[in-house]
Ligand code: C5P
């Protein structure tokens, strides 16, 4: 009789990018991280992370933003898979394949998304059956934004961004993203924020009630009025051209705009899908941005794709 055992089929997980609707930054902690009060929203630009049983650990990357993603041991998806294996006594390596649609070093959590995607994919491949909270716990060890991308949606982040609480929202918000062809280093932007603040005393950040009511209302005008990012000035200080992109998009009809995370991506909030198409056309024609993408949010976090939808 032949053995009934067959090697598990590859698993593909789709994982979204994020934008911070509010990013309030406190003074640096002793460990160098900054305490945050932030509101994340997951938006529909996705990386796909596929894991396949293999003889050795490896990672390969393709797609429009493959350049600049490390494929050595520093790759966050690879680190995530190895960490999950180590914590669960799994000794079989996997080959990871990442289809990269989220810009690298763009302030949209591209690397963190791949870490979250690898955790969810390996959990399914190895049939571990971990709960979302257990995956988020492991995700915290990989980076401040990784836990949020496990669950997605809209959530408040505190601590260094890794402690999450759900936020009630209504409706769908439409975004246009102006991408830059040069990334910004997150530590450099935080350091510039500290430098610009100098000796001015900075209190502990606290989420603002106006943001919560804007999200509950589902009104993009209300949300546009309360978008706020303490890292924006620092990103503009390192990349003065970004201020022009922001004012350009606002002049072309965006309701509001903000540097996404630590930049350099600029996120514009628009009234509806049609307004998004108009703004994307105008921004592209202006030549202000290296690339322009539209997406809506909130969307779900990392999720396994049915095999038929994998392409
Ligand atoms: O957590 P993660 O590895 O994504 O953070 C990257 C870098 O961003 C950190 O090394 C730190 O310099 C900076 N950071 C910070 N405060 C945070 C989150 C990130 O200073 N809350």
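A Cβ is built for glycine as well, from the same backbone N, Cα and C atoms used for every other residue.
Keep in mind that this is a model prediction, so the values were computed, not measured.
Quick look at what TrEMBL lists:
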type: ACT_SITE; residues: 18; note: active site
type: ACT_SITE; residues: 145; note: active site
type: BINDING; residues: 103, 104, 105, 106, 107, 108, 109, 110, 111, 112, 113; note: ATP binding site
type: DOMAIN; residues: 75-152; note: domain 'GHMP kinase N-terminal'
type: DOMAIN; residues: 211-281; note: domain 'GHMP kinase C-terminal'
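Just so you know, the Cβ of residue 145 (active site) picks up 26 other Cβ atoms within 10 Å once every protein chain is counted. Same-chain residues with CB within 8 A of the center of the 103, 104, 105, 106, 107, 108, 109, 110, 111, 112, 113 CB atoms, the ATP site residues themselves not counted, are 17, 102, 261. Taking the Cα atom of each, residue 18 (active site) and residue 111 (ATP binding site) are about 11 angstrom apart.
Neighbour counts of Cβ atoms within 10 Å were taken for the binding-site residues 109, 113; the minimum is at 109. Across the domain 'GHMP kinase N-terminal' (75-152), mean pLDDT in this model comes to 97. For residue 107 (ATP binding site), the same-chain residues 6+ apart in sequence whose C-beta sits under 8 angstroms from its C-beta are 184, 186, 235, 259, 260, 261, 262, 263, 264, 265. Counting only same-chain residues six or more apart in sequence, the Cβ atoms lying under 8 angstroms from the Cβ of residue 105 (ATP binding site) belong to 68, 111, 183, 184, 185, 186. Around residue 111 (ATP binding site), a 10 Å sphere centred on its CB holds 24 further CB atoms from the protein chains shown. The two recorded residues residue 145 (active site) and residue 109 (ATP binding site) have their Cα atoms spaced 7 Å from each other.
The secondary structure of residue 145 (active site), as reduced to three states from DSSP, is coil rather than helix or strand. DSSP labels the residues of the domain 'GHMP kinase N-terminal' (75-152) in these numbers: 43 helix, 7 strand, 28 coil. Around residue 103 (ATP binding site), the same-chain residues six or more apart in sequence whose CB sits under 8 Å from its CB are 65, 110, 179, 183, 265, 291, listed in sequence order. In the three-state DSSP scheme, residue 18 (active site) is classed as strand.
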